[in-house]
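J.: Copied straight from TrEMBL:
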- Cys567: active site (ACT_SITE)
- Cys567: active site, nucleophile (ACT_SITE)
- Gln420, Tyr469, Glu490, Asp540: S-adenosyl-L-methionine binding site (BINDING)
- 1-11: compositional bias 'Basic and acidic residues' (COMPBIAS)
- 19-35: compositional bias 'Basic and acidic residues' (COMPBIAS)
- 54-66: compositional bias 'Basic residues' (COMPBIAS)
- 106-170: domain 'TRAM' (DOMAIN)
- 1-66: region 'Disordered' (REGION)
Amino acid sequence: MTSPKPGEKRQVSPTAAPVDKKAKLDLPSTHREEALSNELSSAGPSKSSTTTKKPSRKAVRTAQKNRKKLIELEPCSRDDIYWHEINDLLGKDAVDEAIEAGSDLDAPFGFREEVDLVISELSSNGEGIAKAPPDRKPWAVIIPFTLPGERVRARIYRHARLLSFADLVSVEEPNTDMRDMSAVRCRYFGTCAGCQYQMLSYDMQLQLKRNVVVKAYGMFSDLPSTSVPPILPTSPSPLQYGYRTKITPHFDTPEKVYKKHAKNKKLKSDAAASENGDAAIEVDGAIEPKVDIGFNQVGKREVMDIEECPIATPILNEVLGPMRERIQKNMHLYKKGVSLLLRDSLEISPSQPTLSLTPGPSASVANTLPHLQPTPNSIDEMNDLSGAFEKHVCVTDHRATVRERVGTMLFDYPGGQFFQNNNSVLVSLVEYVRDAIFPAGVPTVVSEIVEPSATTSTTDVPTHLVDAYCGSGFFSVMLSPHFTRVAGIELSADAIRFATHNASLNSLPTTKCTFLAGDASAIFATVQDFPRARTAVLIDPPRKGCDEAFLKQLRDFRPEVVVYVSCNVHTQARDVGALVRESKMESEVEGKKGIGWYRLESVRGFDLFPQTAHVESVAVLRLVK
């Protein structure tokens, strides 16, 4: 089967599935030893017909180590989430029975066995989860691109604890209420690991993402249902395609690809090669093996060749094609695989102030093409007009400077540094955080805020903001009009430099907005003069969430409001649960009953990545006395 030509839409079918899967079969230690023993005994004649050679100590230790890895999961990791979902699906009794019998790693399926299954539910990662057929032991199977209620045929390729992973072979009975293949816009959907939900309506995607937040708090917060408010509807993205401002296509080590092609006695022509999963290109008159440049295939650690991505912004797709061509022609110069960077940036005029991590020009630009940038309705008309005609460029250097406009504010940051990848949703995200901090009916602009006095309640209006994990100062700068003082705290010196620059870029006085390098052991030491009763703390940690030391410092600081923005709702649920429980225990200690405890006020998901299963979340906690 030949690959689709650029610009040609491939017929997307729910039956498409890779067939050359190389699997890692995770067996329990006893079965590993037995398999190894059988293999050794069948490799040749033994010295004794009555004895069987035992596996080496090294093989046994390796088997035990692998078993331990399958059982001892990192909390809130992808595998740990699967484990919680499997427990709910199979039931506690069936799980406990399998563990007690020692059969929790003894899969009822063979490698590459095809089996008919009915999808029971969707995992938090967007795949379908099915129970094993009634004639098999209690077991679960994960199958990508499937939906609840569908009867599918799947091919098993890997086993874990009470769980197998399978490729989708075909959808025998689709869920017609949910599946709409005409909505798919990517020719690689069903093979590329990037998107999971293109066959769903956008309303359905938002519903499913709300379910992920609900499940996360049920599984990881360890809070009674009465302590978790109803999860609010997921906030939508204004753009569902063409929104992603950063992509990182990559390719494997060329030598690895060349060795694969060297197995053939003779390089085949393009047409013949593609039928066999191979490809060749002409470079300076010579036929050379083609190195795939793109993104990972679903369920595999192999790169698939992708020349455009529909969820990426237009400028990134326009630059990606020529970049791929240049790399292919110079592939012989690469000694190892490379992860490329393409970031959508506003063009920075040489006369404009900026920072850079590299000497010389402030940005490495792969292309400069003007584009209209959609802006949210909450921005005034003049700002809409100016933003629409700003020129967008593609930055490809990790150390070069990227510039983005969010509402009326501008932000510069290094290409390799974290910044939210969906610009279209950021204004609504900031507006939600602002409204969550200030109680209904309370002024939200500094000119209307009254400083505390003898006749003013100190809990009326937050006047100070601490932005922990502040990065390049996004929330600090965006929320600065609503506070008298803002302090951003970061461990990275480079991030502090750019955050300080961004405050200056947006004409914020240093007396109002400051950025300080924090010590991990004393994060809040630099803001001890902030009035706790009028201070809000915003935290936006990495995927691993907050450690216990940080949460302890946060409880000791005891601000009036805590807003937790997270790219991993599962670690957020864990941290929020700990904050609520521990603060309540502390408030009940004799002599500390007046310090109050944190109540979870609201939780809402935000869709920063449409067409994928990923959901971000904002949790708001308020001190109760």
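Counting starts with 1 at the first residue shown.
Cβ atoms here come from the backbone N, Cα and C positions, even for glycine.
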J.: How many Å lie between the Cα of Asp540 (S-adenosyl-L-methionine binding site) and the Cα of Cys567 (active site)?
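T.: Roughly 8 Å, rounded to the nearest whole number.
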J.: Of all the binding-site residues given, namely Gln420, Tyr469, Glu490, which is spatially nearest to Cys567 (active site) at the Cα level?
T.: Gln420
J.: Where the record says Gln420, Tyr469, Glu490, Asp540 bind S-adenosyl-L-methionine, what is the longest distance in Å from one Cα to another among those residues?
T.: 17
J.: How many neighbouring Cβ atoms, not counting its own, are there within 10 Å of the Cβ of Gln420 (S-adenosyl-L-methionine binding site)?
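T.: There are 20 such Cβ atoms around Gln420 (S-adenosyl-L-methionine binding site).
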J.: Across the domain 'TRAM' (106-170), what is the average pLDDT of the model, as a whole number?
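T.: Per the prediction, mean pLDDT sits at 97 for the domain 'TRAM' (106-170).
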J.: Looking at Cβ-Cβ distances, which residues of the chain lie under 8 angstroms from Tyr469 (S-adenosyl-L-methionine binding site) while being 6 or more apart from it?
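T.: Tyr469 (S-adenosyl-L-methionine binding site) has long-range Cβ partners Ile489, Glu490, Ile539, Asp540, Pro541, Pro542.
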J.: Tell me, how many other CB atoms lie within 10 A of the CB of Glu490 (S-adenosyl-L-methionine binding site), whichever protein chain they belong to?
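T.: Counting Cβ neighbours of Glu490 (S-adenosyl-L-methionine binding site) within 10 Å gives 23.
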